[in-house]
Number of protein chains: 2
Amino acid sequence: MESFIDVSPDSDFPLENLPWGVFKARTSTSDDTPEVHVGVALGQHVVSATALHVAGYLRDLPEADPRVFAKGRLNEFMAAGRPAWKAARATLQKLLSSSEGELRDQPELLARVIHKQEDVELLLPARIGDYTDFYASRQHATNVGAMFRGPANALNPNWLHLPVGYHGRASSIVPAGASVRRPWGQVMPAGASAPIFAPSSQVDFELEVAAFIGPGNALGEPISASGAWDHVFGLVLMNDWSARDVQKWEYVPLGPFNGKNWATQISPWVVTLEALEPFRCSPPQQTDPEVLPYLREALPYTYDVELAVDITPAGYGRATTVTRSNLKHLYWTFSQMVAHHTAGGCNLRPGDLLGSGTISGEEPGSRGCLLELTHAGRDELVLETGTADVEGSDAIGAMVAPVTSGVRRRYLEDGDEVALRGWCGGAGQPRRIGFGLCNGKLMKCRT
Amino acid sequence: MESFIDVSPDSDFPLENLPWGVFKARTSTSDDTPEVHVGVALGQHVVSATALHVAGYLRDLPEADPRVFAKGRLNEFMAAGRPAWKAARATLQKLLSSSEGELRDQPELLARVIHKQEDVELLLPARIGDYTDFYASRQHATNVGAMFRGPANALNPNWLHLPVGYHGRASSIVPAGASVRRPWGQVMPAGASAPIFAPSSQVDFELEVAAFIGPGNALGEPISASGAWDHVFGLVLMNDWSARDVQKWEYVPLGPFNGKNWATQISPWVVTLEALEPFRCSPPQQTDPEVLPYLREALPYTYDVELAVDITPAGYGRATTVTRSNLKHLYWTFSQMVAHHTAGGCNLRPGDLLGSGTISGEEPGSRGCLLELTHAGRDELVLETGTADVEGSDAIGAMVAPVTSGVRRRYLEDGDEVALRGWCGGAGQPRRIGFGLCNGKLMKCRT
């Protein structure tokens with residue numbers, strides 16, 4: 001499958017992918033095209049479905065409002081359901097293919113439809129009504145539980161019976177590329193008798209994948225596990241920035257609050273399940289114990305998505321990959337999360353976001369956050385520094401960096417950049433389907 | 001202060017109140033007025049600010065978009081801030097006063113502006129972006145903590161240092177009058193070795209007050225405690241319906257989830273702080289321990305709002321008041337909740353909702369939920385039955401009710417109706433300012 005738009009072989013965004021996003025074109029267009037576009041990524045370019053809509057294309061998708069691409073957000077398209085998603089994908093793949101002249105040979109239309117990624121500002125893909133975060137990785141829950149309660153009591157009694165989750169904060173979800181600010185918070189220092197209010201000294205990332213909900217459900221009408229994947233529009237990478245010291249002091253008994261609500265970051269391109277289809281795989285067995293019937297699927301599946309986290313330490317230009325994990329490690333699948341979330345009647349709405357929780361694997365190098373990687377700050381992580389990078393150093397002032405030695409981290413320092421990556425295939429497997437970057441820099445706290 | 005619209009002396013909604021709401025008129029209007037109105041309550045009537053806007057009124061509020069009343073929701077008006085709220089209130093009080101003919105003497109305009117409450121359908125006052133629920137009543141936290149951990153450890157170590165809160169579910173917030181459905185859920189029966197999936201047998205109400213946020217804050221820019229009340233548009237009553245058995249099994253370690261996300265109910269009229277002004281009072285002292293400076297106000301205050309909960313048992317026509325409490329009992333004020341919520345940079349948006357948590361007082365008769373009133377089902381509550389009420393019995397089939405005996409409850413039964421009431425003044429004090437009802441009936445679970 002080839003496009004007339006050039007796509008390099010190692011691109012995250014070949015014609016087989018076409019992930020959806022929302023963007024502002026930095027150059028104004030002269031026609032009636034709205035300022036905020038809905039579209040897909042293709043190689044180094046973006047393709048505006050909004051501009052195609054204005055030109056008369058993509059208007060007769062099954063069971064979809066003809067104006068789904070004129071809303072400046074993906075919610076209405078997400079609500080339309082899988083037949084509309086497949087039809088839009090097929091139309092775009094045809095219009096963009098190298099054998100098709102309908103778009104390629106209309107230079108004026110082409111100029112309105114195709115933009116370089118560097119010329120657009122990527123926004124959040126949808127208006128996120130509610131954001132829920134789960135805790136679905138057995139390895140993560142075990143590692144964290146062992147630190148707090150010892151290995152014998154690592155998993156709480158409910159953990160193997162239901163996907164534990166909590167409601168997160170939707171307002172502070174930001175797209176990749178945004179910098180986030182180290183939060184102040186109330187913390188109880190070790191050995192102190194009273195808490196203090198101070199900048200968090202334990203800022204962490206969390207490697208997660210999140211699902212955007214497509215069609216929702218009415219209040220009081222649960223979604224069954226077997227049909228639940230049809231309510232998932234697609235997946236993004238998510239960094240659930242966390243202040244561990246704040247979280248530790250506040251979270252009993254109602255869960256995380258200010259420790260996490262200051263920023264959650266997602267990758268801007270939503271990779272559809274159609275694009276992920278060649279990478280379906282089996283999730284972990286759930287036989288000890290068997291899960292309750294409402295969480296069972298006839299043919300359970302998940303996706304084989306490789307994940308990695310790179311940290312570029314403040315003042316340096318070189319990133320170190322600190323963890324490698326995979327979506328398939330998750331004990332609970334997104335379909336089970338949807339089924340559990342709605343089991344009591346809670347309604348999901350198109351554009352809602354469901355995070356997986358930190359995704360850790362079995363190996364030490366697959367742990368998805370610094371809390372696990374450094375054993376809650378007991379150990380240090382060594383990051384390579386490479387050559388000094390003046391551009392990267394503005395957040396902490398000029399530093400003269402040694403060329404080859406490493407810097408050490410227990411938690412993140414001001415100016416550190418965290419980038420999550422995710423991809424399927426490549427290297428002899430089916431064509432690489434990538435998620436792009438979920439990257440953000442930690443700024444110093446307010447003074 | 002008298003209106004040309006008749007208002008009975010015991011009404012919740014005199015001209016001094018004018019709480020804001022959103023409604024659909026059941027009778028269609030012939031002019032350009034949108035279908036969904038923004039307006040205020042006055043006695044047995046509603047006054048459409050939207051119809052007044054169409055007629056040219058209420059268009060020049062300080063720092064407000066002229067179209068704030070043409071949006072079918074209050075978010076934009078909430079965002080405008082206190083000078084706009086005061087100006088709109090003054091204009092409405094003048095237009096509606098008995099001494100003013102401008103509205104009174106225009107019969108055609110009057111017909112478009114004034115509707116009987118029984119002729120309109122009340123909707124949610126705003127699009128609620130995020131909903132947060134706190135746990136701000138010391139008596140409630142103490143009562144619940146003592147049941148679970150014994151009286152010596154009733155309050156968790158963090159409780160007196162910060163207003164504990166959690167993110168709730170915005171999608172399942174419903175207005176008063178709606179029926180809610182008993183949820184299914186995963187529960188661990190006493191003495192069992194494995195959980196079951198079953199209808200909750202411990203459905204409870206929670207007596208709360210909630211604040212609608214007015215102007216919000218930018219991500220990363222906290223709101224100080226002293227300025228925080230200016231970010232509160234007004235207050236409503238809230239029943240945070242809860243399934244205690246589901247909550248108990250799921251809530252460790254990330255907090256309540258399916259135990260509460262199946263329904264949260266609010267009263268539809270938002271009572272402004274301007275209307276509550278005569279009822280300002282001091283909150284409880286916070287000297288043991290002193291709270292941290294970021295939670296201190298120069299002149300802390302709250303409001304003296306009397307609260308009550310009535311239960312009408314299924315099949316009967318008589319309500320029993322099961323608890324009487326007061327907003328002033330809350331240890332943490334809404335201004336402190338706002339300051340804490342934003343202390344780490346979390347952004348609030350206009351129309352966000354902040355619940356107080358269950359409001360209990362010192363006396364046994366002031367406990368704000370059945371969990372406390374029945375000691376987690378150990379005791380029974382006796383409800384008066386009065387005469388049988390055929391209308392009330394449809395949810396459970398026809399019952400022949402004894403005339404005077406009581407029925408007993410540990411938790412709610414299908415068909416029970418719960419109504420929260422709230423008011424200030426009356427009986428010789430300043431004119432009564434009421435909240436109207438927050439009422440809902442529990443329907444039987446899905447089969």
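Any Cβ shown, glycine's included, is placed from N, Cα and C.
What TrEMBL records for this protein:
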ACT_SITE  A:His140  active site, proton acceptor
BINDING   A:Asp133, A:Glu206, A:Glu208, A:Asp240  Ca(2+) binding site
BINDING   A:Tyr135, A:Arg149, A:Gln247, A:Tyr251, A:Thr358  substrate binding site
BINDING   A:Asp240, A:Lys260, A:Thr264  Mg(2+) binding site
DOMAIN    A:16-125  domain 'Fumarylacetoacetase N-terminal'
DOMAIN    A:131-419  domain 'Fumarylacetoacetase-like C-terminal'
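Annotated pair A:Asp240 (Ca(2+) binding site) and A:Thr264 (Mg(2+) binding site), C-alpha to C-alpha distance, rounded: 5 Å.
Checking Cα-Cα distances from A:Glu208 (Ca(2+) binding site) against the binding-site residues (A:Tyr251, A:Lys260, A:Thr358) with a 10 Å cut-off leaves A:Thr358, in sequence order.
The helix, strand and coil residue counts that DSSP assigns across the domain 'Fumarylacetoacetase N-terminal' (A:16-125) are 44 helix, 25 strand, 41 coil.
Checking the binding-site residues (A:Asp133, A:Gln247, A:Tyr251, A:Lys260, A:Thr264, A:Thr358) against A:His140 (active site, proton acceptor) with a 10 Å Cα-Cα cut-off leaves A:Thr358. The record gives A:Asp133, A:Glu206, A:Glu208, A:Asp240 for Ca(2+). Within 8 Å of the mean position of their Cβ atoms, the other Cβ atoms in that chain belong to A:Leu207, A:Ala210, A:Met238, A:Asn239, A:Ser242, A:Lys260, A:Thr264, A:Gly355, A:Ser356, A:Gly357, A:Thr358. Largest Cα-to-Cα span within the substrate-binding set A:Tyr135, A:Arg149, A:Gln247, A:Tyr251, A:Thr358: 19 Å. Here the candidates are the binding-site residues A:Arg149, A:Glu206, A:Gln247, and by Cα distance the one nearest A:Lys260 (Mg(2+) binding site) turns out to be A:Gln247.
DSSP assigns A:Thr358 (substrate binding site) to coil, not to a helix or a strand. The separation of A:Thr358 (substrate binding site) from A:Asp133 (Ca(2+) binding site), Cα to Cα, is 10 Å. Cα to Cα, A:Glu206 (Ca(2+) binding site) and A:Thr358 (substrate binding site) are separated by 5 Å.
Set side by side, the binding-site residues A:Gln247, A:Thr264, A:Thr358 differ in how many other CB atoms lie within 10 angstroms of their CB, and the most is found at A:Thr358. If you count neighbouring Cβ atoms within 10 Å for each of the binding-site residues A:Asp133, A:Asp240, the highest count belongs to A:Asp133.
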